[in-house]
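Feature list (source: TrEMBL):
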DOMAIN    B:34-195  domain 'Ribophorin II N-terminal'
DOMAIN    B:203-301  domain 'Ribophorin II second'
DOMAIN    B:309-435  domain 'Ribophorin II third'
DOMAIN    B:462-558  domain 'Ribophorin II C-terminal'
TRANSMEM  B:477-497  transmembrane segment
TRANSMEM  B:509-528  transmembrane segment
TRANSMEM  B:534-553  transmembrane segment
Amino acid sequence: MSNSVFSVISRFVEEYRSSTPNKLKVIDAYLLYILLTGVFQFLYCVLVGTFPFNSFLSGFISCVGSFILAVCLRIQINPQNKRDFLTVSPERAFADFLFAHTVLHLVVVNFVG
Amino acid sequence: CFYAFVEDLCSLNQCKREQRCVFVTFCPNSCQSIPVSNDTRDLLLATVSEDSTASQIHQSVSALSALGLPLASQEVVSALKARISKEDNVLAIILALLTASRLSQQAELGDILEEIEDLAARLDDLGGVYLQFEEGLEATALFVSAAYSLSDHVDMEPPLKEDQVIQLVNSIFSKKSWDSLSEAFSVASAAASLSNNHFHVPVIVSAQGPAAVSHSHPFLRLQVTDVLCQPLSSASVLAESASAVSSKSAVLSQALFTLRDGVFELNFMASQPASGYYQFSVAIAGDSRFVANHVELKVKVSTRVAINNMDLSVVDKDQSIGPKTTRVEYPTKAKASFMADGHQNFAMTFQLVDETTGVELTPHQTFVRLHNQKTGQEVVFVAEPDSKNLYKFELDTAERKTEFDSISGTYALYLMVGDATLENPILWNVADVVLKFLDEEAPGTIQAKTLYVPKPEIPHLFREPEKKPPTAVSNTFTALVLSPFLLLLILWFKLGANISNFTLSPSTILFHIGHAATLGLMYVYWTHLNMFQTLKYLAIIGSLTFLAGNRMLAQKAKWFPLHFLSFGTRLISQI
């Protein structure tokens, strides 16, 4: 059983390395970074305590929000999805991404205290 | 008229127009001998028209009638009717009523008479007690005097019901001092008309002094007057019934008061009422004009109290020794003092009776006070009557030691008896009682009860700051949270995210500057600014960045990964 799982994983990794365009890999690296940052913040909260709670919340929400926006960007930029996003060019997607991030950070900085 | 006034009136003809009317208005009929010029007379007659105000018409009609000059009543009536419909206020209608009472009785005064009823409908009922115009006391009082003077003049009863008259009397005579001379005049005028008209005379009944009788003062005295406090000697005053307030049993029925020196009196003690309060219902007859002639009065019957069979004893708790009873007579004090310690009870029994009739009484206040001469301590108990109205008081030293603070010593015992219906309240030092408490419970020093001394201060406890983790831990975790950024840079480098396609065009530079400025603004927002200032700056920076970005779009440079990179630096704001 574990054999098949392992073979599935290695196949997946191989496919990923070969067929994913570079642009998407850049975004994937970014996604990993965001994920780790969020996990470490949560770990701190679990281990040490929730004081100050508003700061934890704002940092965590920032991670979550950024992750979501980056995923959206990845979806919109992916050439395989081009048919679904005929009106949205990659540059437009990126501009939307930047704007949404501005709003998100405005709220996050307001809440972080 | 006053004689000096007459002299002035002779120079009336030289006076100015308005002043002439006012001077003569309030003159009684004896002014008819004053010579008046034709000029003045024509002036007065000319004022009687629709174009003058109601008060001008009133003044000129009064002047004409006082001076005995002829006037056409019908013309006056029509002028008044026109004025009433034009000036539809209360005061104008009252003046019309007063004017009509000066006219001849043959004139058609029916319409003006109806105004009384309309005006009465305009009165405001305040709580069923007062009835007055919203214009105030003066208007109400003038209305009363005008209504009655016109009603007397035409000899028709005014359409005012009995309770309306009572409520009007309540309102008009509610004040003891008045704001202006005209207000005082209106009240006096109303009082005069209410005490001396053909139809309604309100009767005022009040007790002379407090409404109380006793054996020394057996007569209940009532003053029966009109509103001017003139005694109504022709009236006959009858007490229709008198019943006790507590038991509702009738004591008196149909007893006539006798008139003596202008005061009506009745010997109530002759019916031998027990002490207490009685409700009297009094009727005043004698004149069909009397209004408010049924009155309810509360009368108090007082008596003197005597204490009988005051027995003091010290009873042993286990009842092994028989009680020794000492009888004390009021107002003497018992010769020997009584001893009571933990094993004995001190007991007191007595009876309270009416001095004259011997009937048992239960006054409101029957207290037993023990006063420690040395320390000044005082403890008061209540003596309760049993079913046979025998008062009992028992003191158990062991049970009551908290009231005494366990202080042993000689206490003077007082009996206090009081009630509203008692003429002789009693404070009697009956005996001395020596109380012994267990010594170890007595406090060392006797402290006066500190009720009104400043209390100990309560210090304010500020909110404790929350426990923070040690700085080392926080720093470790900060580093941990920032570490994935390094990972990101490494990964991007490995992927070959290129900065090589960096074209130096003004829009690109502007875009980057704008972007960096946004990041800087976020930091400054965190440290210094508030939301409004931030939004203002963001609007400026954002629009520049947007325009520059648009331009770059047009150029379609491969700027994507670089900007993505620069964007990642935003996330340094995470704590």
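The backbone N, Cα and C atoms fix where each Cβ goes, and this holds for glycine too.
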Could you break down the residues of the domain 'Ribophorin II third' (B:309-435) into DSSP helix, strand and coil, giving a count for each?
-> 4 helix, 70 strand, 53 coil
Using DSSP, break the domain 'Ribophorin II second' (B:203-301) down into helix, strand and coil residues and give each count.
-> 3 helix, 58 strand, 38 coil
When DSSP states are grouped into helix, strand and coil, how many residues of the domain 'Ribophorin II C-terminal' (B:462-558) land in each?
-> 72 helix, 0 strand, 25 coil
